[in-house]
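Q: One structure is given below, represented as structure tokens, and several questions about it will come after.
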Amino acid sequence: DVEERADKRRPIWIMGHMVNAIAQIDEFVNLGANSIETDVSFDDNANPEYTYHGIPCDCGRSCLKWENFNDFLKGLRSATTPGNAKYQAKLILVVFDLKTGSLYDNQANEAGKKLAKNLLKHYWNNGNNGGRAYIVLSIPDLNHYPLIKGFKDQLTQDGHPELMDKVGHDFSGNDAIGDVGNAYKKAGISGHVWQSDGITNCLLRGLDRVKQAIANRDSANGFINKVYYWTVDKRATTRDALDAGVDGVMTNYPDVITDVLNESAYKNKFRVASYEDNPWETFKK
């Protein structure tokens, strides 16, 4: 029957790229995004400071939109709290692109702690009916794996270890898959792993490493649960990524991805993920 067939389709996360102003949350979700990616910059003391990308950024985008990090978290909480006037039921996942390149390696743990404190207070509302979206902490440098432990330790110290159920991980530096696996071993992490691969939309990048990540995901002993590709703005690239078997597509144009998912070749194999889809679960065909 139809419902059973629907269940066999791969759930897809359409990830709105560089959503750094509160007003852009609605803009991207209304275009079809069920998830967003937000840049987080840090000050010299490893405090998350702004949701800001800066120059250069993707072709065709303004690089300079920003909010204070905690203000953005409050706006995000409104958008992901059922019953709130600003609630967007479709928005189920947020990737924080952590710009830790400005920090010394020995500040990574501290950055994780401060990030957790901010999220706990301003997004999770101290564990009292806060935002419901799943969160992916995306780290650009494998050496900054202690950020994960700092984040986890802080939530535990503040009495909310259960919130780690809503948190996943990504290393975004396009490193060799084996090296990424080793970083997770050092961090003591198994599960809740998203693997990104990609490059700015100004440049072309093949799917070789995406396919390696997907092979790891689909192998019996792989450490990856989900694979996403960025930044995908064209229909042809979207089709190639879906054909390869990705779980997520990061884009400046969510409506383009939505259009492709509605094409006859794709609508019986893929569907837009909903809140009921566990983003930490490897999809089995």
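Residue positions begin at 1 at the first shown residue.
Each Cβ is built from the backbone N, Cα and C atoms, and glycine gets one as well.
Copying in the features that Swiss-Prot gives for the protein in this structure:
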- HIS17: active site (ACT_SITE)
- GLU37, ASP39, ASP97: Mg(2+) binding site (BINDING)
- HIS53: active site, nucleophile (ACT_SITE)
- CYS57-CYS63: disulfide bond (DISULFID)
- CYS59-CYS202: disulfide bond (DISULFID)
- ASN262: N-linked glycosylation site (CARBOHYD)
Q: So if I measure Cβ to Cβ from CYS202 (disulfide bond) and keep only same-chain residues at least 6 apart in sequence, which ones fall under 8 Å?
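A: Set apart from CYS202 (disulfide bond) by at least 6 residues yet with Cβ under 8 Å, we have ASP58, CYS59.
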Q: Do any residues at least six apart in sequence from CYS63 (disulfide bond), in the same chain, have a Cβ closer than 8 Å to its Cβ, and if so which, in order?
A: HIS53, GLY54, ILE55, PRO56, CYS57
Q: Could you check the disulfide-bonded residues CYS57, CYS59 and say which one's CB has the fewest neighbouring CB atoms inside 10 Å?
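A: Output over disulfide-bonded residues CYS57, CYS59: least Cβ neighbours within 10 Å is CYS59.
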Q: Residues near the Mg(2+) site, GLU37, ASP39, ASP97 excluded, by Cβ within 8 Å of the Cβ center?
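A: Everything else in range on the chain: HIS17, MET18, VAL19, ASN20, THR38, VAL40, HIS53, VAL95, PHE96, LYS99, SER138.
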Q: Counting Cβ neighbours within 10 Å across all chains shown, tell me which of the active-site residues HIS17, HIS53 comes out on top.
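A: Of the active-site residues HIS17, HIS53, the most buried by Cβ count within 10 Å is HIS17.
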Q: Among all the protein chains here, how many other CB atoms are within 10 A of the CB of ASP39 (Mg(2+) binding site)?
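A: Here the count is 23.
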Q: May I ask for the distance between GLU37 (Mg(2+) binding site) and the residue listed as 'N-linked glycosylation site', taken between their Cα atoms and rounded to an integer number of Å?
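A: Cα to Cα, GLU37 (Mg(2+) binding site) and the residue listed as 'N-linked glycosylation site' are separated by 23 Å.
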Q: Once the chains shown are all counted, how many other Cβ atoms turn up within 10 Å of the Cβ of ASP97 (Mg(2+) binding site)?
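A: Excluding its own Cβ, the number within 10 Å is 25.
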Q: Rounded to a whole angstrom, what is the C-alpha distance between the residue listed as 'active site' and ASP97 (Mg(2+) binding site)?
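A: Rounded to the nearest whole number, the Cα-Cα distance is 10 Å.
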Q: Specify the count of other C-beta atoms within 10 Å of the C-beta of ASN262 (N-linked glycosylation site).
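A: Cβ-Cβ neighbours of ASN262 (N-linked glycosylation site) within 10 Å number 11.
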Q: Distance check, please: Cα of ASP97 (Mg(2+) binding site) against Cα of the residue listed as 'N-linked glycosylation site', rounded to an integer number of angstrom.
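A: Cα-Cα, rounded: 29 Å.
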